[in-house]
Amino acid sequence: MAIQAEEISALIKQQLEKFDTTLTVEEVGTVTYIGDGVARATGLANAMAGELLEFANGTFGMAQNLESSEVGIIILGGFDDIREGDTVKRTGRIMEVPVGEQLIGRVVNALGQPIDGLGEIKTDKFRPVEVKAPGVMQRKSVFEPLQTGIKAIDALVPIGRGQRELIIGDRKTGKTSLAIDTILNQKDQNMIVIYVAIGQKDSTVRTQVETLRQMGAMDYTIVVNAGPSEPAPMLYLAPYVGAAMGEEFMYNGKHVLIVYDDLSKQATAYRELSLILRRPPGREAYPGDVFYLHSRLLERAAKLSDELGGGSMTALPIIETQAGDVSAYIPTNVISITDGQVFLDADQFYAGVRPAIDAGTSVSRVGGDAQIKAMKKVAGTLRLDLASFRELESFAQFGSDLDAATQAKLARGRRTVEVLKQPLHKPMPVQHQVIVLYALTHGYIDDIAVEDIQRFQDELIAYVDANANDLFKVIIDTKQLPEESAMNAAIEAFKAGFAGSAAE
């Protein structure tokens, strides 16, 4: 076959035209140490703090330590394929995660990748994991309520949209249950929820996700999971990833609730990384910037000003204490960062008072402004009554000859404790709470036997719903307490029937 000279020259010309003369400059380093989710590399003199670096096998890492001759890198993912002597190059980018509506209803890992087996997440929106929190002038004071559906919280330690409220207590005192119930109550509240599970057992997270799915809560929830078997960098990053996902909605004028379950495990993971990176240890072997670890995360929760769309992100961080010691390092740090705390008491929990909220040590610093007027009126003296009851109760153990006024206070206190008990995964709408607490504070429950109180409140709600539904409508529409005469009449009418049924 004869080869035409013209064809050859045409092919050569074509190749020459395609030839790219531009040079691509890459800064490449060499891995000198690898292990425990951390790598060290030399030759990356211009690497920036927090920059994404790419290893030879395609795994990414993040520059954490910038030293004179080496860079300390936390590895984002598995590190089994990385060896000493491998190359690692700069990308010039910082870490970003996928965000947007497409993530709602999904379970993702700390890199935003789906782990629920429901296929890939198609989104073209990404946000950086580390972002500066909104400044003072970009914020607005908290004024809208976040209804948790838990009587003890909505009445005693109300939470507002844009607030940071810490849930703190020993292990197995119902911290996660409190958060899950709050998520369930957001069903018709126009909220998007992000649940960040940090170092929780995979079986536990699976159970929580199934609960949310059965109750229809996955329709507005994103779950970010960093399990205990994953490398420490994933546990460290997971909360920031959740915050980035929440900010996408917040800056678009929506309302977000984010639960960090729990930040004690994030602090432990960060301590592990810092020690491997040879950072100087401080109190309890945590690094010096462990306060900044949590403050820069929790400051990202805010109520934005009207100019920025008026969106909000409410944070419910969870901290686990050891034997009720809230004066340990991490608990005191997070208490000082947040706008109040819900303290769960192990003794009350084991005594059957659930949720085991300690009214004396729980506080909400800004939520009072967000409480609806009706709730403010009926719950005004509840906290003081409960605190004085606890005081009297311990005093009453030493003597039985108490005067009538003290006996009455103790009786009211026992009924208050009973009213504030609530079954698991049964959040109560605010209008129902108002009616029940009104009946309590106005003495209608004083002569009901303690063991009948749960039945009394359930039947009272059903009665008002069927016979005086306008009371609920007034509370929902105006946020005000209905006419006292109408409420008294409804409760008295119900009580007449209830007393009869109890006497049978």
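Positions of Cβ are set from backbone N, Cα and C atoms, glycine also.
Taken from Swiss-Prot, the feature ATP binding site covers Gly169, Asp170, Arg171, Lys172, Thr173, Gly174, Lys175, Thr176. Residues or ranges marked as site 'Required for activity' by Swiss-Prot on the basis of sequence analysis: Ser362.
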Ser362 (site 'Required for activity') and Thr176 (ATP binding site), Cα-Cα, nearest whole angstrom: 17
Ser362 (site 'Required for activity') versus binding-site residues Gly169, Asp170, Lys172, Lys175 - nearest by Cα: Gly169
Residues near Lys175 (ATP binding site) in space but at least six apart in sequence (CB under 8 A): Ile167, Ile168, Gly169, Asp261, Asp262, Ile318, Glu320, Leu344
Cβ-based neighbourhood (8 Å from the centroid) of the ATP site, residues Gly169, Asp170, Arg171, Lys172, Thr173, Gly174, Lys175, Thr176 excluded: Glu320, Leu344, Ala346, Phe349
For Lys172 (ATP binding site), the three-state class that DSSP assigns: coil
Local Cβ density at Arg171 (ATP binding site) - other Cβ atoms counted within 10 Å: 11
Local backbone state of Ser362 (site 'Required for activity'), from DSSP in three classes: coil
Gly169 (ATP binding site): tally of other CB atoms within 10 A of its CB: 27
